[in-house]
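Asks: From Swiss-Prot, for reference:
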type: BINDING; residues: R22, R180, S181, C182, D183, N191, H221, I222, Y223; note: dUMP binding site
type: ACT_SITE; residues: C160; note: active site, nucleophile
type: BINDING; residues: D183, S282; note: (6R)-5,10-methylene-5,6,7,8-tetrahydrofolate binding site
Amino acid sequence: MKHYLELCQRIVDEGVWVENARTGKRCLTVIDADLTYDVANNQFPLITTRKSYWKAAIAEFLGYIRGYDNAADFRKLGTKTWDANANENSAWLNNPHRKGTDDMGRVYGVQGRAWRKPNGETVDQLRKIVNNLRNGIDDRGEIMTFFNPGEFELGCLRPCMHTHTFSLLGDTLYLTSYQRSCDVPLGLNFNQIQVFTFLALMAQITGKKAGKAYHKIINAHIYEDQLDLMKNVQLKRDPFPLPQLHINPEIKTLEDLETWVTMDDFKVTGYQCHDAIKYPFSV
């Protein structure tokens with residue numbers, strides 16, 4: 001919580017107003033933010049200064065792991081996070097590549113699991129990483145990226161948290177995740193849960209110890225219609241101790257994550273929080 005609250009306060013104190021063309025709103029913005037999550041000691045970075053809905057965040061990332069490209073599949077997992085971008089984004093609604101209701105196009109997990117090569121074949125970035133790590137291999141390129149400029153027009157949204165790099169020191173696994181843009185009041189709440197959980201899951205299915213996860217954000221911002229709630233409500237609250245995340249130990253392979261895992265396989269204990277804050281969401 002310390003890094004999160006420091007970032008929120010930094011944006012309020014030092015941020016510069018920037019017009020955002022996509023949303024038509026102004027954002028109070030800072031450049032370069034670093035957060036660290038202690039996965040080894042299970043310090044689950046669940047926001048305590050407002051109620052945080054962690055299941056939706058994990059469900060969304062599980063959908064990425066499975067390479068889903070349809071908002072309906074994400075809803076089945078337990079999250080509606082792609083409903084708006086798939087069905088209410090005017091640019092995507094008018095895109096000839098859109099296949100119909102709930103179609104997201106070639107975004108996020110599609111790129112991670114089926115990156116297209118010039119010859120039409122695909123690369124499964126995630127499986128390569130899992131296979132290497134299970135065999136104790138770190139080739140300094142254990143990288144999964146969703147950022148494919150050659151196919152931006154084939155999806156409803158460019159990836160915000162776009163690249164994940166795994167590093168192995170002995171039998172301890174580390175993760176560094178890169179994010180080009182972050183809606184701090186809403187998006188960061190999800191993203192830090194996902195970074196933590198991704199490292200925890202990958203360590204579990206590759207038989208390694210989880211170390212720390214490093215989260216690097218380029219453009220961190222608060223939208224103008226979120227600022228009052230952040231300054232006068234959330235930042236006035238004292239944080240509670242962090243909770244712990246418990247993952248079903250029967251999850252042992254990538255195939256498990258692809259097939260039978262549900263939100264019932266994740267539990268959070270020791271979570272105390274303040275009341276929810278309804279921040280506006282910008283499509």
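A Cβ is built for glycine as well, from the same backbone N, Cα and C atoms used for every other residue.
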Asks: Taking only the Cα atoms, work out how far H221 (dUMP binding site) lies from S282 ((6R)-5,10-methylene-5,6,7,8-tetrahydrofolate binding site), in Å, as a whole number.
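Replies: About 12 Å separate the Cα atoms of these two residues.
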Asks: Given the binding-site residues S181, D183, Y223, S282, state which is nearest to the residue listed as 'active site, nucleophile' when distance is taken between Cα atoms.
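Replies: Nearest candidate: S181.
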Asks: Same chain only, sequence gap of 6 or more: which residues have a CB within under 8 Å of the CB of S282 ((6R)-5,10-methylene-5,6,7,8-tetrahydrofolate binding site)?
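Replies: Same-chain residues close to S282 ((6R)-5,10-methylene-5,6,7,8-tetrahydrofolate binding site) (Cβ under 8 Å, separated by 6 or more) are N20, T23, K25, D183, Y223, D225.
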Asks: Between the binding-site residues R22, H221, where is the Cβ count within 10 Å the lowest?
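Replies: If we count Cβ atoms within 10 Å for the binding-site residues R22, H221, the smallest count is at R22.
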Asks: Tell me the Cβ neighbour count for C160 (active site, nucleophile), meaning other Cβ atoms within 10 Å of its Cβ, over all protein chains shown.
Replies: 19
